[in-house]
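What TrEMBL records for this protein:
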- 21-39: transmembrane segment (TRANSMEM)
- 59-85: transmembrane segment (TRANSMEM)
- 105-133: transmembrane segment (TRANSMEM)
- 145-167: transmembrane segment (TRANSMEM)
- 174-195: transmembrane segment (TRANSMEM)
- 237-255: transmembrane segment (TRANSMEM)
- 275-292: transmembrane segment (TRANSMEM)
- 304-322: transmembrane segment (TRANSMEM)
- 334-355: transmembrane segment (TRANSMEM)
Amino acid sequence: MPSKTSSLNKEILLQIARNTGWISIIYFLGLLFALPIRMVNRFSTEENYFDGEKIQNLFYFDFPIQLILLVTLPVMMAVFLFRYLHVKHSANMIHSLPMTRTKLFHYHALTGLVFLIVPVLLTAFIIMMVHIAMDLGTYFPFSEIASWAGVTILLNLLFYSVGIFIAMMTGISVFHAVLTYILLIFPTGFTLLVLGNLKKLQYGFPNEYFFGRNIEALSPLFFAVRLDSNNVKMKEIIVFIVLSFVLYALSLFFYKKRKTESASEAIAFKSMKSVFKYGVTASTMLTGGLYFNELQNSANSWTVFGYAAGAIIGYFVSEMILQKTWRVARSYKGLIVFAAVTAIVAVAVNFSGIYEKNVPEASEVKSVLLSDDQDYYMGYNDQQPEYFVPLPMKEKENIEMVTKLHKQIIKDKKINQQAENSMDDNNTFIIKYELKNGSKMVRMYSFNERLYEDMIKPIYTSAEYKQTSQEVFHLNLDMVKSLSISNSSPYGNSFSISNPKDKEEAIAALKEDIMEESYEEYHYYRNSGFYMEVVGPSTIYNQIEIRPSFKKFSQWLEKKKLNHFSSETSNNVESILIGDKKYKLSTGEGKIEKDLKKQAGTVKVEDKATIDLAIKNASANPQRYTAVVKYKNDSYKEIIYFDEKHLPDVIKEKMK
């Protein structure tokens, strides 16, 4: 009897090898080409060998090839390995063998895993030999080979486990592959759909804030796409390992429960058919609503149509898949139930105003952050830890002013929503509370700041706001290698400050200017002037704006005889065309120039002194007057703006 069992075991292993061994061979050959052969090819010439470029990780080498192998072959292994479950004859034959389902499952699953791991280990061994033979320690440490192998095996395990789990859920091989990738993308895709719809349905919902918080990492597939530029963190390793083992255990559980006759069924378990059907319906409903909302500029009637159309399409398509026929018109009862439940939930949430009207009392707030910094609310600063992140305010007076502003924004919901499409006049603000009970609350609103100037101005001009929102107050000069100052215009020059005393004086002057700057100056000159790049030991980690209103810093430049480096002058400008008309920031310079030439009262300035004065007083933000700057010997043109106060009198006289 033992000999018969042993013979049976060997026969099963041979059968598995015949069915899936070719995948292992392809994997090994692909990795061999992408890594060891590519390394030898690159470092075999002196020119490349001595270029000194450090390599972040081994995914650097032919990453597209590595990525394709990584995300396709583990899934293919699962599909071909458990294909017998999806063919009735094969399923009956395999399960008639004198072997428990548990043993059958482990034989197939573990053998497939070995076939995926062996190519990685062989490739890692060959890379070690290449590393030693070519002395590649200058480019990447020996430990990086083990790191690459570990991450590759881990993601193979995860993708393979997902593939095995889906094999238990379906009875069609093609559907098996499709569902596997849907499940791999689902966490990120569905989250994005939900967040996008909540933004449309709940006023103040901060979807951009959540978008910038690394949501793509929820999907193993999107995570794999970034392997060449991101290092894998320990918590991610732990999550992937736990998830792989959980999926493996669930797969075994469902394998033992699965009926042989479920082969050729789209979904193998009756209880899972409803999950599939309503999951598809919900996803297509959210997609339809979001699509028509964007297409018709947030028109409510079209949004409702999008939800209805999406739900109907998703429901009946899923029924067609499950019933394997297009005659599903009579299966409408489930759709009615789904629509009724969805409508009740939506109406209850919207009419209750639980989310939209929730503003904490000032006495409940420990700290609050108010910011229109796009880098912050889009999460760029969080992804680059060396960048400055605005700090929250803790003073009672500022907390009270922010909560008061927040309440007024909610009262003006309809006005603000109607104006949202006029993006040039609107700013997006994030309000982030930390409450005394430890909870946090985040809201995001787009509105015309001028409508709330009386409420925002005292916040912006407070010492605490300036000190918490401006990076210059948080620089550690001991960690700053140099300060590089440059103009954003095509003819702006630049210079660098590395002397410790000069760095200290420059930063001190900037601090004084920021503290003395008025609200009106800040908004008029914002994004104008020039920039100071803070250079750390190995990288530039932020830019500090230096606006024309900064008098102390200008005086310091004059003292150091550096003021002529910081801005463009009439020497570079051929002419300025100025007209009394306001344009959106998105309007192209070609259209503006064409319009201004036709408009009565447009002035063309060619006098050097007037050009210098105009450039000095110009704003980068749309104002009443718009101007086109034409540079000498260059096709480049720049748009600048003026309000009534800053437009030079000599130009006003010519406009009359």
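From the backbone N, Cα and C atoms, a Cβ is placed for every residue, glycine too.
Remote same-chain residues near the transmembrane segment (59-85) are listed as 16, 19-20, 23, 26-27, 30-31, 33-35, 38-39, 42, 91, 93-94, 108-109, 111-112, 115-116, 148, 152, 155-157, 159-160, 162-164, 166-168, 171, 173, 176-177, 180-181, 221, 224-225, 227-228, 258, 263 (criterion: CB distance under 8 Å, separation of at least six residues from the stretch ends). Here the transmembrane segment (174-195) touches the transmembrane segment (275-292). Their Cβ atoms form 3 or more pairs under 8 Å, with each pair 6 or more residues apart. Taking Cβ pairs closer than 8 Å, the transmembrane segment (237-255) reaches residues 101-102, 105-106, 109, 154-155, 157-158, 161-162, 164-165, 167-169, 220, 268-269 in its own chain, all 6 or more past its ends. Each of 21-39, 105-133, 275-292 was scored by its Cβ pairs under 8 Å to the transmembrane segment (145-167), and the highest score goes to 105-133. Within its own chain, the transmembrane segment (275-292) is flanked in space by residues 189-190, 193-194, 196-197, 200, 266-267, 302-311, 313-315, 317-319, 322, 334-335, 338, 342, which lie at least six positions past its ends and keep a Cβ under 8 Å from the stretch.
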